[in-house]
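*Asks:* My questions all concern the structure below.
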Amino acid sequence: MAECQYIIKHELENLRAKDEKIIPGYPQAKLYPGKSIVRRLLTNGILVQIFPLHDQEELKKLRHTWYGRVKIGYQPLDEIRCYFGETIALYFGFLEYFTFALIPMAVIGIPYYVFAWEDYDKYVMFATFNLLWSTVILEVWKRFCAVMTYRWGTLLMKRQFEEPRPGFHGVLGINPVTGREEPVYSSIRRQIRIYLVSLPFVCLCLYFSLYVMMIYFDLEQWALDYHQENESNFSSLMLFVPSIIYAVVIEIMNRIYRYAAEFLTSWENHRLESSYQNHLILKVLVFNFLNCFASLFYIAFVLFDMKLLRQSLATLLITSQILNQFAEAFLPYWLQKRHKKRMKKKMFSQKTDTDLSLVEQVSLEKEMGTYFGTFDDYLELFLQFGYVSLFSCVYPLAAVFAVLNNITEIYSDALKMCRVYKRPFAEPTASIGVWQLAFETMSVISVVTNCILIGMSSQVNALFPDSKMDLILTVALVEHVLLAMKFVMAFVIPDKPRDIQIKLARLEFESLEALKQQQMKLAAESLKE
């Protein structure tokens, strides 16, 4: 079913105008050669929504095995893939894997929190484990991903001849590779838009983020002065208020910037969906990284205040998780419940009767929310990975809160997909794409961060009482060695398990043999003639 949906969506999105000037019956809906017809129908309000309907019988089975009962076990990823497609199934697979991968960090972090709260020097071993952990889990994930996508038949999916995205526009021309008619747009004009408009805008947003960060530190200083003057329980609570306010402001800024980044990336007019996604992810990641982590870097390496770092990290992590759960799970579910109350009779029939008429089902599902893809879900995991890997040696409970959040995330996301959102079109994929590179980049940054934190500990400083330069050179050397080990491990650990490599080699051999047999058959037929 998922493959059928993808084929239908692909054909609809690639309906483009040739000689037509307007849509018949709608003179205000102008067309030009190469324009996506479906996109024009949507922007002019002629076509309101396009979505596949839920299969109530299959959805009921999936709900029962997925989140119908609380259990400790794996998710039904194959069933999720059959119903929602590979992209969504792979996200839930990664969420499940990442949650299990966090458990060792959480188990080790609890005794560090209980027995060595103020003794930061004991976190040297925790930071060292963090370095190895962040590398190994990403390499092992590639193997898990290869096993799943091979089973689903998308491991060898290639994007060399990807069709133009629906939002791409330009003068109708001929693709020199495929020989097909498609829109053509100058790459020079696109580069001008990127470097003269998008890049300055991103830099301006980064500057504004840093400006807000400095306001946060002014609030922190005010709260500290207030506490020193009053020394009360209320003043102690006030110490956490600036961090909470800053965490809320960060979430608001991230969401506003996301809309601006989408508009700019769409305006840049990228030909391929993969190129569009890569540019959008780059814009969003750069801003989110600076917006979420700049204050932590400033506290750790400029102010050298480990207590404030611990407090800020805990507040930012917990507040962001609460806000995300509210905005992504509880609020949509509450809105959907309100809609159910307005249509109580129809929703009751949907729950109990799988033989709804088509008109009733469409009228019910068109009011449901729209799932816009896995972008925000992966972004949330990316930021969580940053909180855990960059500074968790200062706050070891970060992994514990991440595990608890992800367990609830699995169930809340499953509930959203089955009960809150319209059924999205399936999208095949071979991996988590550019997000793999994003996580690997974060792990490289975490190596540098943790090495500097280790070098700042009094245990390591005591080894170099006379020369700070020797300490700096030693930390730099260790950091380079660890980075070298990281890249060696990435090279040594194969991305695909041995049995998958053998199966792929056998498949390639059989394909070549079939091609050879076909060529021999054609040659024999030509000789007979």
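Counting starts with 1 at the first residue shown.
Glycine is no exception: its Cβ is also placed from the backbone N, Cα and C atoms.
TrEMBL annotations: computationally assigned, not manually curated.
Under the heading domain 'Anoctamin transmembrane', TrEMBL lists 80-506. The transmembrane segment annotation in TrEMBL covers 97-117, 123-141, 194-217, 237-257, 280-301, 313-335, 381-404, 471-493.
For the listed features, I'd like the structural context: burial, neighbours, distances.
*Replies:* Counting residues 6+ beyond its ends, the transmembrane segment (123-141) has Cβ neighbours under 8 Å at 94, 97-98, 101, 104-105, 108-109, 112, 116, 385, 389, 392-394, 396, 436, 439-440, 442-443, 446-447, 450-451, 453-454, 457, 459-460, 482, 486, 489-490, 493, 495 in the same chain.
With a cut-off of 8 Å between Cβ atoms, the residues of this chain six or more beyond the transmembrane segment (194-217) that come close are 242-243, 245-246, 249, 253, 257, 260, 264-265, 267-268, 279, 283, 286-287, 290-291, 294-295, 298.
Same-chain residues lying 6+ beyond the ends of the transmembrane segment (313-335) with a Cβ under 8 Å from its Cβ atoms: 240, 243-244, 246-248, 250-251, 292, 295-296, 369, 376, 380, 383-384, 387, 391-392, 394-395, 397-398, 401-402, 405, 408-409, 412-413, 415-416, 419-421.
Panel annotation: around the transmembrane segment (381-404), residues 94-95, 98-99, 102-103, 105-106, 108-110, 112-113, 120, 123-124, 126-127, 130, 133-134, 285, 288-289, 292-293, 296, 300, 306, 309-310, 313-314, 316-318, 320-321, 435, 438-439, 442-443, 445-446, 449-450, 453 of the same chain, lying at least six beyond its termini, place a Cβ under 8 Å from a Cβ of the stretch.
The list of residues near the transmembrane segment (471-493) in space but at least 6 beyond its ends in sequence, with Cβ under 8 angstroms from a Cβ of it, reads 131, 135-136, 139-140, 143, 440, 443-444, 447-448, 451-452, 454-455, 460-461, 463-464.
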